[in-house]
């Protein structure tokens with residue numbers, strides 16, 4: 001929602017009248033001249049809702065509208081449909097600009113719009129605006145890898161970051177401490193949530209913008225890229241009445257997407273599903289979502305305690321970070337709740353060790369754990385240019401070790417379709433650990449991680465084997481699987 005472009009905020013405040021085109025509503029002050037009302041009606045059409053407001057309400061409506069979206073969405077939507085020359089835009093920007101200027105034609109706003117639109121077109125997950133001694137750099141994280149997009153004059157760094165702060169409602173005068181904010185954009189039917197993080201450095205502030213396209217999330221177990229056997233195991237796990245299901249992996253490995261897909265599969269009128277997250281990345285209809293807020297001592301542990309008093313059937317904790325949260329999660333699972341959460345470990349069996357290190361007793365773990373999913377994200381080979389090449393002797397040895405027969409594998413090439421990278425999009429590789437009676441007994445007996453890993457391998461495929469299968473099918477490359485799964489090779493040795 002925003003004021004129609006011919007009527008910017010400054011005009012609306014001065015003329016005491018504004019047109020909210022997405023609402024089909026004209027708002028005005030009680031003492032606005034009648035001639036002015038007639039004039040705006042002639043311009044926008046007669047069939048509009050007319051709302052008389054007090055001075056305070058009028059200013060509040062304008063402030064809410066312009067802080068949420070000051071022309072960015074409309075301009076971004078236009079930019080997405082046309083080729084944007086970021087370099088020429090950065091070169092025409094003056095070193096000084098009115099940061100509070102709401103005119104979407106202002107150079108700083110045009111450049112911010114162009115950067116955002118280019119990132120959305122390229123399906124970037126993050127935008128990095130970085131300052132160094134003599135230069136500044138704007139990089140996009142595309143398919144998990146940072147790519148330099150623009151290196152404008154360093155003089156523009158403070159101006160760009162200050163403008164982003166205005167959009168995110170941060171303090172533009174405070175440059176000494178980190179700040180976090182958000183920008184909500186609506187582009188056509190797409191809702192884009194932009195998480196903004198600023199950080200002071202020795203050469204000026206840096207900013208990272210995380211883009212969350214709420215419409216791009218495919219919340220279905222079918223879209224997780226699991227094998228038929230792993231998907232069946234997961235479907236069986238989430239139908240259990242109680243227990244803990246963990247998703248493990250490093251930051252940016254798709255753990256949240258997997259959890260949201262599980263929640264969507266469980267989301268029925270007969271279940272009360274509650275979450276505590278940091279932050280709430282995607283809003284799910286029919287699920288009660290709570291956000292961690294450390295400023296008021298709203299931690300994972302405190303939030304988990306609270307939602308357990310809300311008669312839940314399924315509980316999702318964004319991450320188990322400390323002993324208190326781990327112990328509450330275990331107790332919740334033992335008292336009849338299905339608990340979903342994440343941990344930062346390299347393998348599924350490593351999650352057991354991590355929980356033990358947090359102080360959870362082995363006999364409690366053996367009773368509460370239902371299953372663990374370890375996962376990584378790998379880049380997909382571009383289907384337009386990928387080639388199949390013979391395997392090397394070293395590669396053949398690895399495939400043979402995992403009992404996989406292969407003669408050729410997919411390799412990246414590079415073409416205009418994938419910007420010469422050889423890759424387009426990402427997919428997950430998984431390691432599924434279902435806690436069987438044998439595993440439950442081993443956990444109860446406090447066996448070490450290596451012994452537990454060997455027992456898991458007897459029943460389930462290793463993460464790297466799942467990746468190698470996708471190399472054989474041409475979905476990803478050998479280098480990608482080695483890049484993300486090499487740390488798991490040590491545990492198999």
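Glycine is treated like the rest: Cβ placed from N, Cα and C.
If you check Swiss-Prot, you get these features:
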type	residues	note
BINDING	249, 250, 251, 252, 253, 254, 255, 256	ATP binding site
BINDING	382, 385, 415, 418	Zn(2+) binding site
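Listed binding-site residues: 382, 385, 415, 418. The one with the lowest count of other Cβ atoms within 10 Å of its Cβ is 415. The CA atom of residue 250 (ATP binding site) is located 25 Å away from the CA atom of residue 382 (Zn(2+) binding site). Put plainly, the binding-site residues 252, 254 were compared by Cβ crowding within 10 Å, and the winner is 254. Note: the ATP site is recorded as 249, 250, 251, 252, 253, 254, 255, 256; in the same chain, 342, 375, 376, 377 also have Cβ atoms within 8 Å of that site's Cβ centroid. Across the fold, the C-alpha of residue 415 (Zn(2+) binding site) and the C-alpha of residue 249 (ATP binding site) stand 31 Å from each other. When Cα-Cα distances from residue 418 (Zn(2+) binding site) are compared across the binding-site residues 249, 252, 256, the shortest belongs to 252. Least packed by the Cβ count within 10 Å, out of the binding-site residues 251, 253, 256, is 251. Distance between Cα atoms for residue 382 (Zn(2+) binding site) and residue 253 (ATP binding site): 20 Å, as a whole number. Taking a C-beta cut-off of under 8 Å and a sequence gap of six or more, residue 249 (ATP binding site) has these contacts in its own chain: 255, 342, 344, 345, 374, 375, 376. Note on the binding-site residues 250, 255: the fewest other CB atoms within 10 A surround the CB of 250.
Distance noted between the C-alpha atoms of residue 256 (ATP binding site) and residue 385 (Zn(2+) binding site) is 31 Å.
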